[in-house]
C-alpha cells in the first residue's frame, strides 16, 4: 500500500519516499506452515556475481545493510516472492524488529518454507540479528512463538535480575569457537549488539555455534554450518570490522589475508556518543546547533541561530573519529506534519550511506492528524524514520504524557507511541529522552516525588532536590519527576533512556552525577548520560560513579575542544573499556 504523496513546497518530488504499511502485531497460536571504512580492492567481476538477494520483510532499518552491500560493490535484488529466495545465489536476511510480526510475514507469504528449503540445501546465507533468532525452534518474545525450527533451542530474554541491563545495547567482544571464515578479521575487536532476546548454547545446537558472547550468561553470537551463517550482532553497524565480515561473506573464495589489527575487547564497552541538534536557521538552512541551557541563539544583536556545521558532514567526521553512535535531535521538528520533514529524512539517508554505526533520531515522533484530516499513528511516523536510516527512535514529550497517564490510571492502553513502536520493532528500538530541571528543597518530605541529597548545596543552602520533567524543549514543566518518569517508561516499553539535565546543558562543568546515579540505579535498561561534558575527566567520572552505559556530548565535539579519540584514550588509561 502506498502512502499519500508528501510534497511540501520546499522539496522536489525526487525526495518522496515509498512507504510500506507498518506491520500489524498478531500473536501466533500454532506453528506456521513451514518445513522445519576501508577501501576494498576486490569487486564483483560479473553481473551474475554482483547481485545480493535481500529478504526485507518490511519492518525496521535495512537501509544501512543496503548501503553496506552497495559500498562493497554489489547490487541488490529484493525478495518479492518465495521463488526469489529459491533462485538466489546469495541471500541476506537482515531481520529487524520483533519475532512474532516477522514470523507472521514469513508464514503468510510462503517465504518461511522457501527460506527453510534454501538453507537446508546449504546455499550461501547470512542472517542478521532477528535473522539468526528466527532459525531457532521458538521465541519467548510476546510468545511463545514458533520459529523456523532449523536450529534446536528457544530464544529467551536476558535475565535482568542478575544486574545486567536489558536490552543488551552496545559494543561487545566475541569468543570465536570454530573457524567461521566471515569472522576472520574480528580478532579482539568489539562488534555492535542491540537486542533483548538471545539463544543459549546447548549440546543440541553445539555443532552450529561459531562464536559466543558473555553478557550475564554466555549466549550464541553467531552460527555457521557450511555456507550458512547468521550473527546476533549487526555487522552493518560495527564499523570497519563489520564491513570486513560482510566482505568475507560476499567474497568467500577471495584470497584476502586476515587483518585483525590491534584490539583489546573483552566485555561490553562504555559508549561515547556524538549528538547533533539539528534545526533550520533563520535563512532556512539545516544546521547543527548547540544550546546553552536549551537556548540555541547567539548572544548578539542579530540573535542568530548558533551554526556549528552541516549535519551530514559532521556525522561522517564523528564516525571517522570513532564515535560509537551518532544521535540526531530535530529541535524544530515539523510539529504539525512530521512526515513532511523531508530534510531530516534526507539527512538520515545521506548519513547512513557512509556511517556504519548506529543512528538515533528524535523530534516530533507521535500520533498526528494532518490538515486534510488524515490520521497518522506514531508507528507510521517511526516507520518512515526507520526506513530512512534510523536504528533507534527517541521520544520526548509524548513519553512524558504517556507516563503521566499510566501513573494516574495504572493501565497500559497499548495505544501510546512508546507501546506501539516497541511492540512491533522491539523495545531496543525505543529511546526515551528525559529533560529535567533541578528543583531545590530543604526537606525531602516537601514533595511527593523522589528526592536526593545533593552533593553540592543549592543556591540558598538547600540539601535536597528533585528533578522536574519538562516538555516542549524544556519550556514547560510537568507534575512528574525524572525518577517516576523513568520507572514508568521502562514499564511501557522503553529500551533505553537518554538522560539530559537542563541545568548542566552547555555549562561544560560535568554531567549531573547525582541525577545520573539516581536514574541508572532505578531502572534496568541502559541509561545515556547527557548534558555538561567539558573535559575527558567528566566522562570517566560519570562512568566511575554511576551505572551509566554511555555518555553523550555535543558542543565540545562540534567546537573541536575535545576530540572523541582523546576521550577514549583517557577512558582506557582509567581502566574503562571502550571500543578502539
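Note: Cβ is positioned from N, Cα and C throughout, glycine not excepted.
These come from TrEMBL:
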ACT_SITE  129  active site, for GATase activity
ACT_SITE  234  active site, for GATase activity
ACT_SITE  236  active site, for GATase activity
ACT_SITE  277  active site
ACT_SITE  435  active site
BINDING   129  L-glutamine binding site
BINDING   364, 500  substrate binding site
DOMAIN    54-250  domain 'Glutamine amidotransferase'
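Note: residue 129 (active site, for GATase activity) has non-local neighbours 94, 95, 96, 194, 195, 231, 232, 233, 234, i.e. same-chain residues 6+ apart with C-beta under 8 A of its own C-beta. Confidence in the domain 'Glutamine amidotransferase' (54-250), given as mean pLDDT, stands at 94.
Close to residue 500 (substrate binding site), meaning Cα to Cα within 10 A, are the following active-site residues out of 236, 277, 435: 435. A separation of roughly 14 Å, to the nearest angstrom, links the Cα atoms of residue 435 (active site) and residue 277 (active site). For residue 277 (active site), the Cβ neighbour count at a 10 Å cut-off comes to 25, with all displayed protein chains included.
All protein chains considered, the CB of residue 435 (active site) has 28 other CB atoms within 10 Å. Separation of the C-alpha atoms of residue 236 (active site, for GATase activity) and residue 277 (active site): 24 Å, rounded to the nearest whole number.
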